[in-house]
Each structure stands twice: as structure tokens, then as C-alpha cells.
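S.K.: What follows is a structure written as C-alpha cells; I'll ask about it next.
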10 protein chains.
Amino acid sequence: MNRIELTEVITANRISRGLTWQQLADAIDRPVVWTTAALLGQHPIPRPEAEILVEKLGLDTDVIPLLGAVPVRGTDRDVAMSDPTIYRLYEALAVYGPAIKELIHENFGDGIMSAINFSVDIDRKTHPTGDRVVITLDGKFLPYDWVSGD
Amino acid sequence: MNRIELTEVITANRISRGLTWQQLADAIDRPVVWTTAALLGQHPIPRPEAEILVEKLGLDTDVIPLLGAVPVRGTDRDVAMSDPTIYRLYEALAVYGPAIKELIHENFGDGIMSAINFSVDIDRKTHPTGDRVVITLDGKFLPYDWVSGD
Amino acid sequence: MNRIELTEVITANRISRGLTWQQLADAIDRPVVWTTAALLGQHPIPRPEAEILVEKLGLDTDVIPLLGAVPVRGTDRDVAMSDPTIYRLYEALAVYGPAIKELIHENFGDGIMSAINFSVDIDRKTHPTGDRVVITLDGKFLPYDWVSGD
Amino acid sequence: MNRIELTEVITANRISRGLTWQQLADAIDRPVVWTTAALLGQHPIPRPEAEILVEKLGLDTDVIPLLGAVPVRGTDRDVAMSDPTIYRLYEALAVYGPAIKELIHENFGDGIMSAINFSVDIDRKTHPTGDRVVITLDGKFLPYDWVSGD
Amino acid sequence: MNRIELTEVITANRISRGLTWQQLADAIDRPVVWTTAALLGQHPIPRPEAEILVEKLGLDTDVIPLLGAVPVRGTDRDVAMSDPTIYRLYEALAVYGPAIKELIHENFGDGIMSAINFSVDIDRKTHPTGDRVVITLDGKFLPYDWVSGD
Amino acid sequence: MNRIELTEVITANRISRGLTWQQLADAIDRPVVWTTAALLGQHPIPRPEAEILVEKLGLDTDVIPLLGAVPVRGTDRDVAMSDPTIYRLYEALAVYGPAIKELIHENFGDGIMSAINFSVDIDRKTHPTGDRVVITLDGKFLPYDWVSGD
Amino acid sequence: MNRIELTEVITANRISRGLTWQQLADAIDRPVVWTTAALLGQHPIPRPEAEILVEKLGLDTDVIPLLGAVPVRGTDRDVAMSDPTIYRLYEALAVYGPAIKELIHENFGDGIMSAINFSVDIDRKTHPTGDRVVITLDGKFLPYDWVSGD
Amino acid sequence: MNRIELTEVITANRISRGLTWQQLADAIDRPVVWTTAALLGQHPIPRPEAEILVEKLGLDTDVIPLLGAVPVRGTDRDVAMSDPTIYRLYEALAVYGPAIKELIHENFGDGIMSAINFSVDIDRKTHPTGDRVVITLDGKFLPYDWVSGD
Amino acid sequence: MNRIELTEVITANRISRGLTWQQLADAIDRPVVWTTAALLGQHPIPRPEAEILVEKLGLDTDVIPLLGAVPVRGTDRDVAMSDPTIYRLYEALAVYGPAIKELIHENFGDGIMSAINFSVDIDRKTHPTGDRVVITLDGKFLPYDWVSGD
Amino acid sequence: MNRIELTEVITANRISRGLTWQQLADAIDRPVVWTTAALLGQHPIPRPEAEILVEKLGLDTDVIPLLGAVPVRGTDRDVAMSDPTIYRLYEALAVYGPAIKELIHENFGDGIMSAINFSVDIDRKTHPTGDRVVITLDGKFLPYDWVSGD
């Protein structure tokens, strides 16, 4: 079994056992976005947390080393983008991505927002015209810096 | 002149005149992300604001109707993604997009975060390990709803 | 079994049992386009309806939670477009899509026709030169609106 | 000047002259979707209508033969799909296209909805939860029929 | 078994049983191009013909409903085009396609040659410099016609 | 001026001068499909014919050597395929291409229909249900033959 | 088993049995490039040669008809090009392809080098600066010739 | 002027002046394939040869430094492959590329045929069934060799 | 003038003036890889350095603000990869990229080598079998770290 | 089992047995980057080393000939690039690739850095602002040289 096949089993077992992502995150005391992404194959899961999750999800314990290995990250873009819920995020980048770039440079200088020293949070905010999804992307600013190890 | 050519002129004039996006946003009293995106060709700009911006940027007044027309939105994805600053945003979606989808469904039900009834904000947060870029995507939740006009 | 494999089984069983989509829709008292799309993996199916459909289609009852989960929506575009019946719909968008955009903006302002608060209907109309397929796309107009949750 | 360049001029002149598509359609007494599509380069425009439109739009009369020639139809899909207003139409096909195919076959037999013997209409319907865009695609059913001219 | 898997079985059995496409077409008294395309998964095959073919090809009778269902038509273009015999047909379109379009319009007006009310024939013609393959594409002319069902 | 730019001028001049492709073919006594394809940049045009065509189309005589040079043949597939009239030809190959391959092999053996020793003809055939476009592709059969020059 | 699966078995058995392509070619007294290509699924193999090869490679005799059928030729270009040894051939075409075209036309006139009436040979030549791979592509010149079968 | 624009001018001037590639190669005493490729923008041309060619082709002498600079090599693959004369070379690689790889490894070991220490030659060979184009690719064998500079 | 057009002018002027990249780097006392990349449009150039370079390259001083603006970084991959010198770098990643990933994780843990806090150096090393190009990529290790700004 | 399936088994066994790449490299006394790449399917592994690795990884000894065969090298670029750790390498090429090309030509002349006579090394360097990954690409310079074997 490779990590992609393992993710399919995790997905199926979570649904058939009626577990929420939040319950799984609570069980290991980690942020829910991190936990969900990790179970979907995007982060290695340390042994203690993996042991708990394997038990909750009814997985074989010999997948624990595989859960702990650094995965090949990423999502097939064509598949992901065909889903309307995910597509709206790509659409936001198509419309606002260049503006975000300009304002990062204007406010921080030449560099990037790290996607490695980084976290994502999702919140629900009430609003008179209907509840809102609020997604916060929070990454360290990294300035372009020509450093060599010598 | 079409809108894409106009955006090139705006970009060039802003640089040569040494104007910040924030100064342009302040001049029309609009949020800076909206103003930047609009000047980059992603939103129509109403006449009063257009008149101010045209003057600031040294544009010909006969571009005002073009600035006011609804543009064909979007960015050439291959070009946008080749830039490291913009790429990090796409990378975050590749790693966390499916997790975000799962959690929108878990917390709100079947539906999407609107990218139309929507806003984006960029903030700078200080942090002991280095300042952080915080991008907030804020969109109304729209449930899948099979409604017909009859 | 994942949702894509389940859709293959549904497709095969429907043909071998000689059931029409209309019969399946009638059994659960839902619109036929919605029912067909849902069974083809595009919408979650609530438990009561899923129980009926599982029985009609000779499926195992343990697929009911999977039918009830929000699916990854969408269709492989290359496959779908190679079919002449589906292609004509894409061709109509290639020829008339930009005109539809212009007229939505002219009649409603800057915004979109929602594909979430949305329904599709198919009718047969008689006509002297041959019967006609009439497809109605009916979606709520959503104006571009820069709203933040704060 | 080729037809694509001519479309750019038409687009620019329409905006700068403040003409609506409906006014142009009324001037030649043709349906507004047809007129808009034709002016965007998707249909040949007969001489009498072309003469009126050329005058309204301030074009040179020697473009009349070009407006009357059958164009190379279609839209660059990547450009068109990056616009959110147009994208929602493609999204509807991604979600409902295979269902529409199934139901055309169930109700009419093996064949297609013609996109040639075809019309499109856009309406505004009021609804308690907000006005709706209603797009009607109306095409002759063409059965697969193995006919040879001999 | 889905239709694509069934086509693989048909292809394998035809070769191992040493049957020609012409023999199969003769057995059901249908044109050989139609029969070959249908067995390769491009047309539904009515029950009487399907019963004969299933017997000839040593297939299980429970595939008869699947053979009778309208298939998702089309061929993976990249695979098909890599074959030199098929590629020459695409090459002919690359060289002569725009000329064919011009001459359809010159001789028939604005419209298309239907690929639905359509037949294909292949012949062998002798010629002093070597025998020739003659492929005849024969489709009804369909004029662009803006008809609505109302 | 390169050949692509020259083709644009030819196309524009033919329309503005109201010449049909048939008239141009008659003027040089060549088949009309060949003449149309050649003027669209797909074949070199010998000097005597080029001199006639240059005069008819109001071109400068110094383009005659360029018309006589072997062109880089072919058509941008994405552009060509977006046109419904051309698309139907590609659709016919998607549906019938593999069947044509099978029957070429069954009737002629392993090899191809040449697209070089080749001609195309377009005819109009009357038919009780509507006139038909009949396109004949006629190419020499070339058997796979492992020949070396030594 | 289809031809692609058969090629995988041939590849595996050849390696595990320690057979060279040359030994296989010698066994059937055919050129080694032809034999290798045929065993990799690019040419039909006549029964007498197939019987010898099946025995050498330890294949089941019932694959002989499949080896004798005309295959769908070609190689997945992305896979093939990722291999450095194959890529150098594509690189040579990227750098020299247009020059080869020009010189075929200059020396032979308008036409092509056939890839059907064609052979390939590979030789080893010694050279003071290191041994060289010499690949000879040898194909019949086919002039563009507008011939019809009538 | 960049190198691509310069190549267009060279191409046009060569045709209008009626020069053959062979004449240009003779004028600088270089192989004709090298000369053609170099003039098509694939190799730097040293000053002495550039001076002769500039004079022959009626170019401005200030392009000599540009002709002498190392170019960005390569050809747009989609454009090149649409031409039937060039396509046959790609087809040969699709059919014989993997076989060539196998035989390079069998005869030389693990490594590649260099496309840098490399030459191409084109010959005409007479043959009873028609003259043949013989293209010789001749490159140094480079074994995979894990060498480091330390 | 935008940055891409400016890069074309820089490239042309450098060649016609016979300046080396090293001379330009020395003039501004910066590393040569950084200087070359910056002049090719990949880094903003501060005013003091820009003033020197503008003078050396014979550019207009009003391009100094454009040289100082943060550019849209990146290279058109298809163009870049068609060049054999650049392609070898991509080939090295195709062959060794996954191994490099594994060893970064084995030696540093889960994370990346930064391409922002990063430098590149090129050296020439002599070697008995021929001089060697030695390219050193030197980037700070960034561990995956789930940090939020709150 | 083909080489790709074998690589999956190697990957899984290495993780479940808790072996590091360095341990495997030490066992066969080869450089660790070479060993990792070879085990990931990029290099043939000679029998003595293969025997040791097969034992360490718990593989069947009959895979030794397959490990010793020259593989089809390369990595699916879309998959590889979606991983952030690998992507940074591609990003470095997008930003610095053209500069590297220019400087190879400036320092060595027209030619390439070989990726065949080549090695890769990864080091860890300490640095006041954080440890650094240092990747050294070391390849023989190969000058463009028009050599023929005659």
C-alpha cells in the first residue's frame, strides 16, 4: 500500500464510521486544518498521533511508518479544480493573485509569504446577509536574500 | 486601446510616477486590495473614482468608459504561477485545498464559499520569529440549493 | 469502494435492470436532472432517498454513507467533450458564452449567474420542423459585492 | 483588418459611444443574443443589418463585406473560462453535462441537441430570494441516422 | 464491466477467433464501417444484432443490455493520433480542413456538414500507380438557423 | 511579409473583391479544393498560376516567390477545432477513426492511406431529406515496407 | 491480454532470460531494429516468426494471433521524452528538423520522406575521440501529388 | 531586432533573391545542414562566415554580432509537428524511438548518443522503386559516468 | 515599455556593445549570476546599480524606476526547455529530483531548501577528462512549521 | 513486475524496515545520491550491489536482472512539481536557468553541461541564520562540435 491508496482507505473509513475531522483533530490535540490535510496525505504524522488515528479509523497498525514518512505533497490540479468548492479558491487567486503580489511587495519589500512556515485557519462568521466562511492564510515573510554558505 | 493594454499603461505610469497602491486607494477611499485589483483590470471602476485615478496616473480622460466597463476577469495561469510570490498561494491550495473543502462541508454543509460576495485583506503581523503576511479570504457561504424560477 | 467506483456500479446496474432515470427520480420524488446528476456522483443523496435507490439498484446498504457524503464534483473535460451529445453544449458556450456574459452584465449589472443556487430542466417541445430539446439553466444572480465579515 | 481586430474595434466603440447591446439589436430588429454574438464575431451579418450597425458604431463602410463573411467561430477556452461569469456556465456543464446526455437519450433516443438549428434566450425572473438569470438553450433533436447520399 | 472493458474483450476475441469485421457486418446485415465502429464502442447495438454478435464473438449474453446502451462516444485523441494510419486522417484535416470549411460555405451557405445524419464508406479503387483508399464522408448540410421552440 | 501574413491579405482581398474560390480555381484551371488550400497557405503555387492569382487578388507581384516556396503546412488545431464547421470533421474521426484504421488493414493489409499522394473532393448531393455534403478523401495505399537504400 | 500488456511480458521475460535483441533478431533472420520495434508492439509479427519468438521468450502460444494483428502504433510522448537516451533524438529534431525540411524540398522538391516505406539502422563507428552511434533513417521520397482515383 | 525576427528576414530574403541553401553553404565552405540550421537560428555563426552571408542575403552588417551570439535553440514543437515533412521524423521516433534506445544500450551500454558532439547528413539514393531520402544522425556515445570535479 | 520589452533591449545592446556579463557584474560589484538574472528581468535592481548599468548599456535613464520595480519572475518553460543547454538542468531534476527530496528529508527533516534565501554559483573545474561546469545551489533549509500570527 | 512497480515495493520496504538511504548507500559503498536515484529507478544496479540491496530490502532475488537493466529514466513532471520540496528546484531553474545558460556560454563557449558525465552532491552547511542545503551539480562541459564518423 502506498500513501495514495492509504488516503483512500482513510477517506472511506472516516465516512463509514461517521467520524468528523474535528473529532479526529481533537483526539490528537492538533489544529483541525493540519489534521485534515495530514490525513489526506499532505503531512507526515508522528507515531503517537498516528497510533491514536489508526485506532480511531480502524486501520492496520503496520501503516504507522507510512503515515510517518514525508509524503509527495500536492493535488492533481485538474481534478481539484473541477470541484466547485475548491475552484472558488483558485478563482480568487485568478482575480486577486497579482494584486496580492503587488501589496506584499509594497508592504514588505521583495519576497514571498512562506507556504512552509505557514498555517491555515477556517472560521464561521455570522453576518446580517448570511454566514461567512473566513479563511486565514498566515505565512512568514521571506525576503529575497542572496546568501551563500561559504 | 483594450483593457489589457490599459492595464499595461497604468502599471507603467504608476511606477514612473512613484505612486503606491495605498496612495491610489486612499485617493478614492476604497480598500487597497480592491483598488489594486481594479486597476490591474479585475473590476469595473465607477466614474467618480475613475476620474480621480485617471488624473493621478496621468491617463487620458477618454479611458474612463473603458475603466467603467465590466472586464473579462482572470489571469493567465501559466504566467502567474511562474512568479514565486504568486506561486506560494497556489502551493497552499495544492496542499490544503482538499482539506479546506472537507471542513467547509463539515462546518457549513454542502456548498461553497462565494468568490463574488467576497473580500480579501492583507495584514502584517509581527512575530518573534519574523513578521508574517496574513491574508484573509472572506466569502459568504452559499449552500447547494435546487431552486427554479417558476 | 470510492464514489467513482460506486458510480460505475450504479451505471451498470441501472442498465442491466432496465431502469430509467425517470423511474428512479419518481421513486424518490425528486427532479429527474437532480436525481440523475446525484446518481452520477455529483450530489450527496440524503439517507431516506439513498435507502430507496440502493434497494432499486440492488446495491449493498453499506454504500449509503458514501452516497450521503459530499462528493468531489466535476467531469473529466477531455472525456466528456469527446462525446458529440455533450460536445454540443460546450460548442454553444464557445459561440454564445461571451454574448451571455455581456447580456448578464447589461441586464443585471456586474456579477454572475450562480451555479449553486441553481437548477437545470430539460423539456421536449414539438415544432413543425422537428421536436426540440429545450434546456433551461436557472440560477440566482449574484452581484459582485465587497463584503467583509468584520 | 481581420474579423478579430474588427471585433476589438466594435467592442471599444460600443463602450465609448455608450450603446447597449439591446439598442443595437433593436436597431436591426433581431434577437439580442444573436445580435451580440454576431457583433462579437460569431455570425455573419447580412448587408442591410450591417449597414445599420456600421453607422451606429461609427465603423468604416468597407468593413461590411467582412461582417458578411462566415467567420471562424469559437472562443479561446482558457481566456473565456478564466472569467467567473462565463466559468459558471462551464461549471454547470461539468456538474450536469453527463446527466443532460443521459436524459436526452432517455427522452429522445440516440442523438444530439443541435447547436446549429438552435437559439439562446436570456431572461430575468423575479424570485423571493433574489432575481434569477434564466438561460434557455433550444435546439432541434437530431437522431443518429446512418444515411448515405447514394 | 463497462463499455470500454467490453470493447477490449471484443477486440481480443475477434482476433483469437480469426473473424473479420466484414464477416461480423455480414452476420447482422449492416454496413461494415457502422458495424466496426459500433463494436469498438461508438454506437448502441440493438438487441437482435447484439444477440448475433455476442454468439459469434463468444461473449456472455448479459452484456447485451450494455451493448444496447448509448455509449460515451469518442477516442482518446493522443492515443489515436500516435498511430500513423489514423494520423494521416488528422493530417488531411490540418492541411485541408479550413479549405473544406470555405467551400462548404461557398456552396451551401453558413452551416455545417452533420456528423450525426452521416455515413462513412471505404472503398478500394485500382489505379495505374497503385491501389487507392477512398473514404467518403457523407453528411446532411445543416444551415445555421435561429429557431426557438416557442 | 511571411506566408501567414500573406494568407491574411489574400483572405481579406478575396472578401472585399467579392471573388469566390471557384472563380479563382477556374482562373488557373486547377481543382477548387487544391486552389483554396494553396491560397490558404498549404501548397506552393507555381509561377504561372501565381501570376494570375496575384492579379485577380490585387497583390503585389513581389509576393510571387513567396507563393512559390514550400510552406510550413498545418493549422493551429485549437483554433481550427473551435469552429463548428471544422469540428464536425474532427468529431467524425473521433467516432470513426479507429474503425477506418481497422478496415484499411482488413482490406489492404498493414499500411496507411497516403495524405501526400492524395486528393480531396467536395460534392453536393440532393437527397429527399435535405441536400448532403459529400467529402471524398482519396489516397494511395502505402504498405509498411522495410526497404533500405543500400 | 492486449498488446500493451503483452509487450510488458515480453520485456520482462527477455530480461529474466538474459536474451539480447540481436539474438532474437537472428533467430527469425530479420533486421534487429525491425525485430526490436515489433517486439515492443510496433509491427505485426507473421506467424512463422511469432512461433519462434514465443518459444524463445517462453510465451503462451495463444498470443500468436495477437502478435500477428496490426497494432495501434506509437509511444506516449511524455514518457518517451523523459528518458535522456530517447530525448536526444527529439532534441536533434528540435534543432535540425526545420533545416532537414528545407533541404528535402531543395533536393527533392515538395514532398516528404516516407516513414512507411522506410528503414532504420544503427551502427557503431570508431573515431579517435570516442566511438559513435550512427543512426540511418532511410525513406522513400514521396512528392505531393494531387491524384484522384476516378 | 532579436534572433527570431532576424531569422524571418533571412528566410524572406533567401526566397526573394532565389538563393539555395547549398549556395549559401558553399559560399562559407560549411556543411549544408549546419549552414541551414545556423541561418534558421540554431547555431552561432562566426564573424568571417557571417560577413559573407550578410552580404549574400542583403542584410545590414550590424546584425553580425547577433548572428555570432549563442542562440536560444529549439523549435516550437506544435508548429513544427503540424508540417507533414517534419512530422514524419517525429513519427519515426514514436515508432522506433524505444527500439533505438534498447539497441544503443545493447551495443554500447548505459548512455546516450550525444546531440552536441553530433552531425546530420542528408543524401539522395537512387532505388528501383523510387529515390530515397537518407538522413544520417551521427553522435558520440556518452556513457553514464558518475564523475565529480573534486 | 514593460520589463519584458526592456529585457529584449538589454539583451540586444549587450551583444552589440560587446559587453560580457562579468564586466557588467564587476561594474556594480555584485555576483555575476545575480547580475545576469537581474538584467534578464528576474530581480529588481536598486537605483545606484541601475544608474551604472543604464549608462554601460546605453539605455534611457527613465527605465531606472522599471528596473527597480519587483518583476513578475519566471521563464516560459516550453521555450526555456527547448534549449539544450537549459534542458540538461531540467533533465538532471527529472533523474535526480526525487532522490534530492528524499535526502533533504533524511538529513534535515520535513521541509524544503529555500529558493528565496538562496544563491547560485557557477565554477569551472579542470579535470583530466575535460573541464567541468560546477553549479552550486545554496539555500536555507526551511522546516515545515505550523505557526500562526495570533 | 516492471521497474515502476519494483520501485514502489522498494519504497514501501525501506520505510517499513526503517532503513535510511545512507545505510543502503554504505552497504554498497556508493555515493548516496547515486544509490537513492538508482533505487528510485533511475540507474541500472550491477549484480553485486543488487544482491546486497535485495537482501537488505527483503526483495525476491529474481528482481536482480530487472534492477540491472537500463531503465526508462525520468519522473512524471506534473507529479514531481506538485511537491514543494521538489518544486523549489524547478523554481530555481525558472528564475536562474537563462542566466546559467548565458554564463556557461560566456565562460566555456557554445555547448552544454553534460547531465550524463555528471554527479550530484548534497551537503549541509551551518550558517549563522540557519543551516543550509547545498546542492552541487557537476557535469563535464561539452562543446557543440560538428563531427561525423566518416
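Placement of Cβ uses the backbone N, Cα and C atoms for every residue, glycine included.
Feature table excerpt (TrEMBL):
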- F:75-146: domain 'Cyanate lyase C-terminal' (DOMAIN)
- F:R88: active site (ACT_SITE)
- F:E91: active site (ACT_SITE)
- F:S114: active site (ACT_SITE)
S.K.: What's the number of neighbouring CB atoms sitting within 10 A of the CB on F:E91 (active site)?
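M.R.: Counting Cβ neighbours of F:E91 (active site) within 10 Å gives 22.
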S.K.: Check the domain 'Cyanate lyase C-terminal' (F:75-146) for me and report the mean pLDDT.
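M.R.: For the domain 'Cyanate lyase C-terminal' (F:75-146), the model's average pLDDT rounds to 96.
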S.K.: How big is the gap, in Å, between the Cα of F:S114 (active site) and that of F:E91 (active site), rounded to a whole number?
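M.R.: F:E91 (active site) has its Cα 21 Å from the Cα of F:S114 (active site).
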S.K.: By DSSP, what is the split of the domain 'Cyanate lyase C-terminal' (F:75-146) into helix, strand and coil residues?
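M.R.: Across the domain 'Cyanate lyase C-terminal' (F:75-146), the residues distribute as 31 helix, 28 strand, 13 coil.
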S.K.: Mind pulling out which active-site residues among F:R88, F:E91, F:S114 sit under 8 Å from chain G, Cβ to Cβ?
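M.R.: The answer, in sequence order, is F:S114.
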S.K.: Other than its own, how many Cβ atoms are within 10 Å of the Cβ belonging to F:S114 (active site)?
M.R.: 23
S.K.: Hey, what's the Cβ neighbour count for F:R88 (active site) at 10 Å?
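M.R.: Taking every protein chain into account, the count is 24.
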